[in-house]
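Participant: Taken from Swiss-Prot, the feature NAD(+) binding site applies to Gly220, Ser221, Ser222, Arg223, Thr224, Gly225. The active site annotation in Swiss-Prot covers Glu243, Cys277, and the record cites sequence analysis as its basis.
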Amino acid sequence: MTHYIQGQWHAGKGHDVASINPANAQTIWTGKTATAEQVNAAVDAAREAQFDWFMLGFDARLAIVEAYRSQLEANKAELAETIAQETGKPQWETATEVGAMIGKIALSAAAYNKRTGTEANDTPAGRAVIRHKPHGVVAVFGPYNFPGHLPNGHIVPALLAGNTVIFKPSELTPKVAELMVSLWDKAGLPAGVLNLVQGEVDTGKALASHPQLDGLFFTGSSRTGHFLHQQYAGHPGKILALEMGGNNPLIIKGVQDIKAAVHDILQSAYISSGQRCTCARRLYVEQGEQGDALIAMLAAAVKQIKVGPWNAQPQPFMGSMISETAAKGMVAAQTNLQNLGGVSLVELTHLEAGTGLVSPGLIDVTAIDVLPDEEYFGPLLQLVRYSDFDQAIKLANQTRYGLSAGLLADSREDYDYFLARIRAGIVNWNKQITGASGAAPFGGVGASGNHRASAFYAADYCAYPVASVEADAVSLPATLSPGLSL
């Protein structure tokens with residue numbers, strides 16, 4: 001079991017790949033990558049199945065998707081454990097991920113009907129009908145940080161709309177993908193409707209460049225997303241939905257309950273070991289005694305964050321990062337900021353060689369004139385002290401990204417002022433900025449996306465509108481146009 005094509009499991013014909021548990025360096029999955037020929041076979045299977053899948057109708061498609069939900073519920077413990085082992089996230093967190101996958105079914109069905117259903121109105125010219133049709137064959141590229149929930153958020157609405165899908169997961173989480181697709185198979189999904197190809201860059205390039213794709217839905221790094229955007233330039237007939245990262249700001253202003261503020265900062269910056277695209281990367285705190293008190297409490301709390309393997313008891317708040325390479329990258333990012341003038345208040349450290357386990361870091365970068373506009377994808381929060389609110393907002397907007405932003409403030413006026421001026425697709429007030437709702441759109445501006453918001457708005461990029469004016473019979477108008485005679 002490695003690749004799923006035309007309703008059958010196939011071994012890969014490419015080179016060997018393995019999945020490593022980043023918390024203990026143990027191999028938990030092995031296989032071979034898909035070749036270009038196997039990618040072709042997957043696309044051909046999806047093309048062959050697409051029209052019949054569409055013609056089943058929404059209700060029949062929904063019944064199969066709901067059968068998949070039943071499979072998720074029946075296998076949620078195994079799926080949560082698989083996600084935990086492959087990503088290093090603690091078990092409490094992967095259980096919530098599987099819960100989000102289950103909840104996505106009802107949300108996607110509601111979004112289909114609200115965003116892309118059918119609407120008819122009688123007009124003097126006839127019956128005006130708006131329908132939505134699937135694009136056809138689409139690819140879904142999944143990330144490693146939420147290897148179940150995020151690709152699920154593309155696949156479910158795509159299938160409900162009548163598309164067929166080729167799923168290419170992250171090469172770091174193949175076991176989760178294999179288990180997910182096996183649950184679709186058990187749900188009775190017709191052959192060819194969902195296909196799985198595993199692999200690294202070569203497999204991804206073969207799929208992304210395939211001429212028979214009608215669209216591609218991507219969640220991942222800004223670098224890869226920009227490459228895909230360039231690749232799709234000159235192909236206006238193909239739909240491209242990009243969900244990328246962010247260099248996200250969180251501003252603190254005039255908060256009396258600093259303990260609650262510290263809690264929201266921790267949840268914004270360090271959950272998932274900082275490996276959420278919405279995580280706070282930059283923290284702006286007012287100068288003065290109140291700001292000093294908040295920072296002292298924050299630094300103490302960061303030092304107390306429990307870090308450990310996915311299965312540690314009692315459970316840690318932070319598990320492993322996705323790999324040892326990622327952990328070393330965060331140490332290097334911290335060193336770079338220190339060399340530029342940053343002062344570590346809490347040092348991020350690589351806890352165990354061969355693993356992705358790191359301790360969280362907090363670094364004061366106020367003295368750095370121009371901060372690197374980078375998404376450091378890990379548990380390292382950059383602190384900036386500010387003198388006035390306008391300065392804080394200006395600094396917060398100094399990024400090419402625009403995914404999430406937040407304000408912790410007791411004043412509603414301050415929030416309204418902030419909301420009008422901040423540039424981001426997700427803006428929260430007195431809530432962690434990693435707390436997105438599946439009943440709302442999810443997406444950013446700038447280098448964070450291409451204006452194809454996902455979550456509840458994923459239905460929008462899974463179908464295109466068809467406008468019709470209809471009548472039950474051909475009929476002459478009461479008055480002919482000038483110059484006509486019959």
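Just so you know, glycine gets a Cβ as well, placed from its N, Cα and C.
Looking at the shown structure, can you explain where the listed features end up?
Facilitator: Cβ neighbour count for Arg223 (NAD(+) binding site) (all protein chains, 10 Å cutoff from its Cβ): 11.
Under a cutoff of 8 A between CB atoms, and with a sequence separation of 6+ in the same chain, the neighbours of Glu243 (active site) are Leu150, Phe217, Phe218, Thr219, Gly220, Gly225, Cys277, Phe442, Gly443, Gly449, Arg452, Ser454.
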Participant: Name them in sequence order: residues not among Gly220, Ser221, Ser222, Arg223, Thr224, Gly225 whose Cβ is within 8 Å of the mean position of the Cβ atoms defining the NAD(+) site.
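Facilitator: Output for this site, in sequence order: Phe218, His226, Phe227, Met244, Gly245.
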Participant: Going by DSSP, is Glu243 (active site) part of a helix, a strand, or coil?
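Facilitator: The three-state answer is strand.
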Participant: Which of the listed binding-site residues (Ser221, Ser222) has the least company, meaning the fewest other Cβ atoms within 10 Å of its Cβ?
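Facilitator: Candidates: the binding-site residues Ser221, Ser222. Fewest Cβ atoms within 10 Å: Ser221.
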